[in-house]
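*Asks:* If you look up Swiss-Prot, you'll see Ser23, His59, Asp234 marked as substrate binding site. The ATP binding site annotation in Swiss-Prot covers Asp125, Thr157, Glu162, Thr195, His222, Ala223, His224, Val225, Thr232. Taken from Swiss-Prot, the feature Mg(2+) binding site covers Tyr136, Glu162, and the record attributes it to sequence analysis.
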Amino acid sequence: MKLAAPNPQALAPLPIDVVSIQSQVVYGQVGNSVAVPVFNGFGLRVAAVPTVVLSNTPHYPSMHGGAVPLDWFEGYLADLGARGALAGVRVVQLGYLGGPAQAEALGRWIAGLVAVRPDLRVHIDPVIGDHDSGVYVAPGMVAAYRDHLLPLAQGLTPNGFELECLTGLPTGTMEQTIAAARTLLGGRARWVIVTSAAPATWPPGRVRVAVVTHDDAQVLEHAHVDTAPKGTGDMFGAALTGHLLAGQPVAEAARRAALQVIEALERTREAGCGELLLAGPLR
C-alpha cells in the first residue's frame, strides 16, 4: 500500500536565523554569494533574498542580468512569512539594493516585522558608493535609505563616503567621522561602524575603522593588504553579524570580522586571484 505524502502545511517550517537581502552573482564573491558561506560558517541558517541577479560584477568586460522585478521581490518577502519561516529570525541583513522601490518595499516589510518583534536586529550596509568610484547605485537611493530604512536599523556599516552621503557632513578627520556617525544614532540605532574611516589620516600601510555607539567611540586599525577584490564589505558585514549573534560586544565583533577579511585578502593576494577567497576556520 502506497502511503500518502505528508501535507507540507502540517510540517514544521525550516528554522531561519538570518534573512540576508542583497545582490547575487553567478560568478564572483559579492553580496549573498559571499555572505551566505560566511553565515554558514557560524552555523547560521540563511534565507538569501536577491535584489539583483547578475552574471558577475560590472567591472568585467561583459555582464548580464539586472534588478529583480519588484513583484517578485515583494513576493519573496511575503512568502517567507507565509511559510512560517520568520518566527525565529534573529537578524535581517541588508546589502546592495536594486533601486528605491525595493528600499520602500523593504521598509514596509521590516516595519511589519519590528512591530511584532521589537527586539529584531536589522543590520544595514547602506551601499551607495565610495571615494574612488563615486555613487554607483540607482538615482534616489540616498533619499530612499534616509526615508525608508535608516529609522529601522539597529546597526549600520557605511564606508566614509556613504556616511558623508547619508549625513551631509564632512568626514575628512576621525573626529568629523565620529561626529557624523553619531547623528545616525537614535530611535532603534545602537551602533555605526564606519569602514575605511577618514583615509587621509591613516598611517602608511594601515586602515582604520571607527566603531561608534551612544556612549563610546573606538578606532580599530589593521594592515592594508595590497589587493582589491570586490565583496570585502559584504564579507565584513556577514562576519560582523555572525560574531554579534555569537555574543561578542560590537567593537570585538568588528575586530574579529576585520581579521577574517584581512585573512581572506591575504589568501587572495597570495593566490593571485581576481575574486575574494574566503579565509580558513573562524576565530
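Glycine is no exception: its Cβ is also placed from the backbone N, Cα and C atoms.
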*Asks:* Cα-Cα, whole number of Å: Thr232 (ATP binding site) versus His59 (substrate binding site)?
*Replies:* 15
*Asks:* Between Tyr136 (Mg(2+) binding site) and His59 (substrate binding site), what C-alpha distance do you get in Å?
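*Replies:* A Cα-Cα distance of 12 Å.
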*Asks:* By the count of other Cβ atoms within 10 Å, pick out the sparsest of the binding-site residues Ser23, Thr232.
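*Replies:* Minimum Cβ neighbour count within 10 Å, taken over the binding-site residues Ser23, Thr232, occurs at Thr232.
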*Asks:* Measure from the Cα of Ser23 (substrate binding site) to the Cα of every one of the binding-site residues Asp125, Glu162, His222, His224, then give the nearest.
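*Replies:* Of the binding-site residues Asp125, Glu162, His222, His224, Asp125 has its Cα closest to that of Ser23 (substrate binding site).
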*Asks:* Within 10 Å of the Cβ of Asp234 (substrate binding site), how many other Cβ atoms can you find? Include all protein chains, please.
*Replies:* 28
*Asks:* Which of the three DSSP states, helix, strand or coil, fits Glu162 (ATP binding site)?
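*Replies:* Going by the DSSP assignment, Glu162 (ATP binding site) falls within a helical segment, counted as helix.
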*Asks:* Write out the long-range same-chain contacts of His224 (ATP binding site), meaning residues 6 or more apart in sequence whose Cβ is under 8 Å from its Cβ.
*Replies:* Trp202, Gly205, Arg206, Val207
*Asks:* Quick check: which same-chain residues outside Ser23, His59, Asp234 lie with their CB within 8 A of the centre of the substrate site CB atoms?
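*Replies:* Along the chain, the qualifying residues are Val25, Gly28, Val30, Gly31, Thr57, Tyr96, Lys230, Gly231.
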*Asks:* Whole-number Å only: compute the distance from the Cα of Glu162 (ATP binding site) to the Cα of Asp234 (substrate binding site).
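*Replies:* Roughly 15 Å, rounded to the nearest whole number.
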*Asks:* Which one of these binding-site residues, His59, His222, has the sparsest Cβ neighbourhood, judged by other Cβ atoms within 10 angstroms?
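*Replies:* If we count Cβ atoms within 10 Å for the binding-site residues His59, His222, the smallest count is at His59.
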*Asks:* Including all protein chains shown, what's the count of other C-beta atoms within 10 A of the C-beta of Asp125 (ATP binding site)?
*Replies:* 25
*Asks:* Using a 10 Å radius around each Cβ and all protein chains in view, which of these binding-site residues has the most neighbours: Tyr136, Glu162?
*Replies:* Glu162
*Asks:* For His222 (ATP binding site), name the DSSP secondary structure in the helix/strand/coil scheme.
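*Replies:* Reduced to three states, the DSSP call for His222 (ATP binding site) is strand.
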